[in-house]
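Here's the structure we're looking at; comments come further down.
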């Protein structure tokens, strides 16, 4: 059996970095080199301040960096020396041309394929780690075949990641499953067995699933679509709960005890974010449309539509509760990452909520324990989010949550950081304007509602009526749909 002794991973991001760090730690006899064109990112991986925040990641990197784990910008050299090359580059949603706003942009995948074939000789296994459309491996293989040379044998596998940001190290060390897809040919199965042997250093054989390449690629899209679907499903029920007086947490607990349903991903919130869910569902929608399956496409599009609706509904609820206007009102935004235990802000609901409130003239004071000020400003300065000097006029980045809440009309929790449960809310209430509102978009304060009401807060939370004093405005503001993938629309100057 072919033995993998050297691994190269192209892409030092949220997938490539943690994945290869764990492989290096679990396989001390395998040399793992993570490469990237971004020199600053590689320098960060080689420093004490890693470019991404992930619980446990720093300890893993420090245990094997310089021994059998290396980070480099010497991409061609790493490819030439490797027995196996992981492709772990970004596959963003297209923002132009055919499939704009839905199809995956594979330009980085194509660039990797061309670079690999240019710098390879002999036998090498090339493995998709990035989330890709079905039959992307066939496109890679066509590039290899068109640029073949004597004695070159490149085998293409699919090995999608299923880690979740915030629990990536735990997920990598104890995965629910490892999925490897390859050709049914003898050469393809030889490559599959070689990659299986790498994972068998720490993953039980029964958890390593092998399929054909296309099933593996589709399984990744389907898995993310199913998870996003569950979130949108419970969020749809949260709207019904708010209208009827039911509590979505109680409903989720009741249905989650049914073993056929289960209790995971039934946490109502302001909406899902991150780099994968929306991108992969939209990719699935586009795939269905391209294959003339419009009914299937419409079914999955509704998952995205419901997520957009939940964000708009939450922002509208904030505006309604604050006497139907937030113009020039200070509002504290607590949390900017798309979920706790990560510094990733991609498709974060905080961006959308901030955009809707800025459009109404609110003055936002934003705090997040792990997202740098520069990243927040960059996200909110996106041409589709804000206009001209809107961010400089309306956004302040706070150093701590108390500073953000000082003098605020309301505080809005957009990320479920554990620290927000431990804040001194009596201190916060004294410094806020009255009535003081809390809008809990992640239901992190459920156990504190009685205490907070005694202090004097007006509480609005997802999927539950809490404050009886809320004034419903008949002319509730209608917030238009918005996507980070939309081209910016310039409003005419008056």
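Cβ atoms here come from the backbone N, Cα and C positions, even for glycine.
The range from 122-128, 129-135, 136-142 that Swiss-Prot describes as region 'Allosteric switch region' is residues 129-135. Region 'Important for formation of active hexamer structure' is the annotation Swiss-Prot gives to one range among 311-315, 316-320, 321-325, 326-330, and that range is 321-325. Here Swiss-Prot gives region 'Disordered' for one range in the set 88-110, 157-179, 180-202: that range is 88-110. In the region 'Disordered' (88-110), the DSSP tally of helix, strand and coil residues is 4 helix, 2 strand, 17 coil. Reduced to three states, the DSSP call for residue 224 (substrate binding site) is helix. Distance from the CA of residue 90 (NAD(+) binding site) to the CA of residue 271 (substrate binding site) is 23 Å. Over all protein chains present, the Cβ of residue 93 (NAD(+) binding site) has 21 other Cβ atoms lying within 10 Å. Here residue 277 (NAD(+) binding site) is positioned 16 angstrom away from residue 268 (substrate binding site), judged by their C-alpha atoms. Break the region 'Important for formation of active hexamer structure' (321-325) down by DSSP state and the numbers are 1 helix, 0 strand, 4 coil.
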